[in-house]
């Protein structure tokens with residue numbers, strides 16, 4: 001069975017073939033860390049988490065990178081309003097992000113590069129674009145000359161000649177930078193320093209990077225000049241991903257990514273989510289009312305490229321669905337010996353793969369899981385009330401192991417203690433201290449991506465790190 005993906009770049013479905021057989025490089029545009037994550041972030045992170053899990057299930061070794069944008073006007077504005085620093089705001093919401101993702105069952109990325117940790121690479125890339133004639137300095141800023149890149153618009157399908165400045169949401173007629181630009185569609189690669197804002201030294205003077213160049217530099221630094229899969233929300237297609245392509249491909253002369261995948265946007269009770277409509281919901285607010293895995297199930301039940309509607313009715317239906325899966329998943333813990341062999345049903349796995357291989361049709365894969373879960377629920381009731389089953393117990397064991405395996409692929413895992421089987425208390429204190437030491441060494445070596453990865457790994461296991469003055473790190477286990 002061949003994995004088929006819808007490629008935004010080609011606007012058609014294509015068979016997936018990685019650059020290197022058996023290995024997949026994957027980059028996700030992450031969050032700008034100025035506030036708590038909302039429903040849109042939940043969908044994006046869950047979808048690409050499951051895509052990564054599924055690729056690994058198929059046997060690929062996946063290197064998955066997700067960035068943090070920690071230099072941005074929104075972060076600066078919040079820092080000014082709270083009389084604190086940009087770094088303090090970023091750290092607070094990065095920590096909050098890890099907490100939210102751990103609750104949703106999103107596995108940590110292999111690295112979390114940040115703009116502030118990639119400044120040398122950003123400046124090198126801007127310099128290279130300037131040397132090749134794709135960028136020009138102007139009064140302390142550096143701009144990308146969009147019309148120099150003949151393929152501009154190939155991802156979004158937008159052509160510059162068809163756009164009017166001020167009408168696209170991309171260029172504002174009262175843009176204060178307009179006087180500095182050679183063309184109204186040019187965008188900033190480097191912004192000159194402003195009073196009261198953080199800035200860094202560069203060949204063009206003190207300043208900070210523009211948003212789009214950050215991701216181009218981080219992709220190159222973490223994964224190379226060309227990657228297999230670049231993902232993100234559909235709202236990033238234009239201008240962000242379009243500009244990433246323009247920057248990276250002008251610099252290298254090579255494709256930035258072979259496959260561009262985008263998840264659809266979020267609606268709340270049929271309306272676009274926005275603060276002005278009063279329906280803006282954070283992940284924390286949502287998880288105060290609903291089981292995180294019910295939220296995950298709702299997300300996976302929708303076609304990932306289409307809009308999804310979060311409503312109380314939909315979330316209640318997803319909650320009921322998660323209860324059904326839980327009842328099926330609990331069968332083995334309640335009714336099977338702990339040493340029964342982990343044999344799975346290949347025919348059921350084939351049906352699961354056949355569904356999901358068609359452009360990540362997770363809903364089709366879930367249908368297979370529900371079929372198994374409902375049978376196991378029925379047979380579990382038979383065992384509880386009649387002491388016997390309609391099917392052979394060995395066959396039911398095979399189906400249960402299949403359900404556990406495929407549920408894990410979708411991140412719909414139930415702890416053994418929920419099935420009335422004792423489990424250990426998790427990662428040991430010694431292992432925690434060992435990882436903290438590794439994180440300390442990474443920070444000393446200025447390997448901040450590894451430091452973030454270790455913190456995320458511990459957070460996923462219910463461990464919160466608290467950095468204190470003097471380089472001391474304390475930890476708390478969830479529930480302590």
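Including glycine, each Cβ sits where the backbone N, Cα and C put it.
Here the Cβ of residue 29 (Zn(2+) binding site) has 22 other Cβ atoms within 10 Å, regardless of which shown protein chain they belong to. Sequence annotations record features per position, and here Swiss-Prot assigns Zn(2+) binding site to 29, 215, 240, 244 based on sequence analysis.
Marked as ATP binding site by Swiss-Prot: 275.
If you look up Swiss-Prot, you'll see 31-41 marked as motif ''HIGH' region'. Mean predicted confidence for the motif ''HIGH' region' (31-41): the pLDDT average there is 95.
Per Swiss-Prot, motif ''KMSKS' region' is recorded for 272-276.
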For residue 215 (Zn(2+) binding site): intrachain residues, at least 6 apart, with Cβ closer than 8 Å: 27, 29, 67, 240, 244
For residue 244 (Zn(2+) binding site): DSSP state (helix, strand, coil): helix
Residues of the parent chain within Cβ reach of the motif ''HIGH' region' (31-41), under 8 Å, 6 or more residues beyond its termini: 68-70, 72, 74-75, 77-78, 89-90, 93-94, 96-97, 100, 233, 265-266, 268, 273, 280-284, 286, 310
DSSP three-state assignment for residue 29 (Zn(2+) binding site): coil
Residue 244 (Zn(2+) binding site) CB neighbourhood, other CB atoms within 10 A: 26
Where residue 215 (Zn(2+) binding site) sits in the secondary structure, as DSSP reduces it to three classes: helix
